């Protein structure tokens, strides 16, 4: 980690030293100008940057510092999951306002727990002063055949991992001044990047994937557009958290579950390999018809066409 | 690039679309969850993250938006130069306050010019709202034998590239309410990561290197500590910008020149290969003596020991 003028060399070095002591062997290669890593021969390097910012992605009253660190790190790692990649390392650019400094060890504990769960060492980063807590997290991974959004083919089935609607329900409760239920809150506060699931799906014939960051309705449209196909969503099939309606589940963003297109898959084998995690068929991929090109996503209920609920912005309401 | 709630999907997508249109083919692989890159077989992956934050690393009145983008990107790329690595790609996490949005194209022009000069494609990133302009820049590179700070050996010569003191003189002027001279200002506003020089030095036997971010006096101490050696600086040999005293040049940080340890090198061949860039011997590496271990850096003038000026913090004055 490099030092910066802001905190003064002494103070920042102290903060960085404390972080490194806390992370122990989970932080490697930090101290040189850059970290040195090996990408396995024959594999591609997969990289992504993802920022989590106070008042943009969460409010301080909602989450503990440990949860903020965990969630920001898992959100970044989720991009590796979507590519079917194995983690190689994580770099952190932390902006820490004065009134957050006392919470830094707790924040670091959440980051360290998340990188540890993913088996990803912390290989670099820096700490700077600022007005809002912000975590810009770069994740590095490797994959022999990275999944993209662009490979879905007519005839593929659309699957989602897990159960949807929790983060949206939690945000809806907080925005209405209520405390969310425990399960919905945990889905927002403690998401799990589907790293192992992404690699399993890539190895079992997935043709395209992305993580659910905008909500299923919006992300199916992204997959359809990138792949140049039409998608049909079976609303009755969408796996919803207990108490969440399908309309709300379709709009629930930041799920960090995976949406994949694939020939028919063995959901039981998937669940057995991932501690019971569900893999649910929620639709199918069709060829773009010249007539239907403008609306590349259609919704059905029991085979009959219905309107697709629009995505919404929880913070903007 | 992923979208974030803050700016609203529409507004952020517009900002990202405008950036991508401006960068054109210089931005690649953006649009999937992560970018896919190849590290040449037999080479190591080299990665680093570096943040530039308004009011921490610069003040808005000092620099144009184009210069801020250029400088932040070159500062990040400088870590690849210090490792003797060739650039592979750059990821950007931009925090853009409302009153900076109109300047985004100019900022992007500076970033694009800097990545273009280094031959590094922009492979990912995100844009979020915030209170201060901040650029967290992750650089990826590759090298067969990356240089570290830790390889200097007794008998090596210490070299620096370029001429020192410009950024410190510029900061001193601004902090005193004066406008700096053109040359000092340009050294602060338009640094050049010594990418080609770093690779040349690695190929010609450099044993250790780092970029001058804290000032020569402080960075020699970092090299000595990491390598477990003592270093002697010949103050009369330090190449200073015209009008800058050696004491000030030793304390001038964010130079983005390289400090290297190496057996004797051919400075004329180096200059010929790098458009006349200077390579100057400024000292030597010695074994740590049990007595001198605590103070691993000594200064001399004409062979006689003198006190080493202490590093200082321009902003903290």
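Cβ coordinates come from backbone N, Cα and C, glycine included.
Quick look at what TrEMBL annotates:
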BINDING   B:33, B:79, B:211  Mg(2+) 3 binding site
BINDING   B:33, B:48, B:79  Mg(2+) 4 binding site
BINDING   B:49, B:50, B:126  Mg(2+) 1 binding site
BINDING   B:50, B:79  Mg(2+) 2 binding site
BINDING   B:57, B:254  substrate binding site
BINDING   B:125, B:126, B:149, B:213  ATP binding site
BINDING   B:214  Mg(2+) 5 binding site
DOMAIN    B:31-142  domain 'PurM-like N-terminal'
DOMAIN    B:153-287  domain 'PurM-like C-terminal'
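This view paints the features noted in TrEMBL onto the structure.
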{"residue": "B:33", "record": "Mg(2+) 3 binding site", "Cβ within 10 Å": "27"}
{"residue": "B:48", "record": "Mg(2+) 4 binding site", "Cβ within 10 Å": "29"}
{"residue": "B:49", "record": "Mg(2+) 1 binding site", "Cβ within 10 Å": "29"}
{"residue": "B:57", "record": "substrate binding site", "Cβ within 10 Å": "22"}
{"residue": "B:79", "record": "Mg(2+) 3 binding site", "Cβ within 10 Å": "30"}
{"residue": "B:125", "record": "ATP binding site", "Cβ within 10 Å": "28"}
{"residue": "B:149", "record": "ATP binding site", "Cβ within 10 Å": "22"}
{"residue": "B:211", "record": "Mg(2+) 3 binding site", "Cβ within 10 Å": "27"}
{"residue": "B:214", "record": "Mg(2+) 5 binding site", "Cβ within 10 Å": "23"}
{"residue": "B:254", "record": "substrate binding site", "Cβ within 10 Å": "26"}
Collapsed DSSP category at residue B:79 (Mg(2+) 3 binding site): helix
Pairwise Cα distance for residue B:50 (Mg(2+) 1 binding site)/residue B:79 (Mg(2+) 3 binding site) [Å, integer]: 9
Residue B:213 (ATP binding site) in three-state DSSP notation: coil
C-beta crowding around residue B:50 (Mg(2+) 1 binding site), within 10 angstroms: 30
Residue B:149 (ATP binding site) - helix vs strand vs coil (DSSP): coil
Nearest of the binding-site residues (B:33, B:48, B:49, B:57) to residue B:213 (ATP binding site) - Cα to Cα: B:57
Binding-site residues clustered about residue B:254 (substrate binding site) [Cα within 10 Å; pool: B:48, B:211, B:214]: B:211, B:214
Inter-residue Cα distance where the pair is residue B:149 (ATP binding site) and residue B:49 (Mg(2+) 1 binding site), in Å: 17
Alpha-carbon distance [residue B:57 (substrate binding site); residue B:211 (Mg(2+) 3 binding site)] in Å: 17
Residue B:48 (Mg(2+) 4 binding site) and residue B:125 (ATP binding site), Cα-Cα, nearest whole angstrom: 14
Residue B:48 (Mg(2+) 4 binding site) to the residue listed as 'Mg(2+) 5 binding site' - Cα separation in whole Å: 17
Candidate nearest residue B:126 (Mg(2+) 1 binding site) in space, where candidates are the binding-site residues B:33, B:57, B:214 and distance is Cα-Cα: B:33
Packing count at residue B:213 (ATP binding site) (other Cβ atoms within 10 Å of its Cβ): 23
Integer mean pLDDT for the domain 'PurM-like N-terminal' (B:31-142): 94
